[in-house]
Amino acid sequence: MNNSESNPSAPKEWENIVAASVIGVLSLITLSAYILVIVILFRNLKTFAKNSYYILALSLAFSDCTMLALFLFYSVPCTLLHKRIFGDTFDLAMGVICNVVYFAGLTCMSLTAINRYWAVCRFASYARVYSTRNVVILLCFIWLVGIVSGTFQALPCCSLHYFYDEFTYGYDMELWGNHYYICNREK
C-alpha cells in the first residue's frame, strides 16, 4: 500500500521496508541495552543511590526507553503500513509523548554534563551540591520542563506528527502557510 503511483516523491515499498527495518533493529538493540541498565540500577538501588550521577542516568534511561519504544511500536508499523495506524488523535498523543520525553531527556543530558563537570572540577563541594534531595528537585524540574513543552504539542498549531513518507516526526508546515513546502510536497 504505497503512494508512489500517485505521488512520485513518495518512497517505494522497498524503501519503506528498509527504513522500518533499520529503525526497528536499532531501536530494539538500544532499548534492550537501556532496559538492562534500568534493571541493574534498580537491583542495586542502595549502592547506586549514593551517587547522584546514577539517579540522573536512571532518568535519562527512562526517557530514552520511552522514545525508543515509541519508535519501535509506533513508527515502524506506521512506516510499514504507510498510514497512521490508530488515527490522527492517537498520532497527536504520540507527538505529545515524544516531545515530553525528548525535552526531559535533553534537559537531563545537560544536567548530567554539569554534574560530571562539578564532580571533576568542583569535587570539594560536589556532595553538598548534588545531594539526593537536590537531585530529586532537579529531576522534578527536568520532567516539568518536558511536560510543559510537550503539552504545547497538543495545540493544533504546534502538533507533532509522524510522517511515514519522510520516516520522521515533524510539524505540518501547511498550517503555517509555507508555500514552498506545500508546492514541493505536491510534486
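A Cβ is built for glycine as well, from the same backbone N, Cα and C atoms used for every other residue.
Fair warning: this is a prediction, and the values are worked out from it, not measured in the lab.
Listed in TrEMBL for this protein:
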type	residues	note
DOMAIN	33-187	domain 'G-protein coupled receptors family 1 profile'
TRANSMEM	17-41	transmembrane segment
TRANSMEM	53-74	transmembrane segment
TRANSMEM	94-114	transmembrane segment
TRANSMEM	135-155	transmembrane segment
### Task
Can you check how the pLDDT averages out over the domain 'G-protein coupled receptors family 1 profile' (33-187)?
83
### Intrachain neighbours beyond the transmembrane segment (135-155), with Cβ under 8 angstroms and 6 or more residues off its ends
52, 55-56, 59, 63, 92, 95-105, 107-108, 111
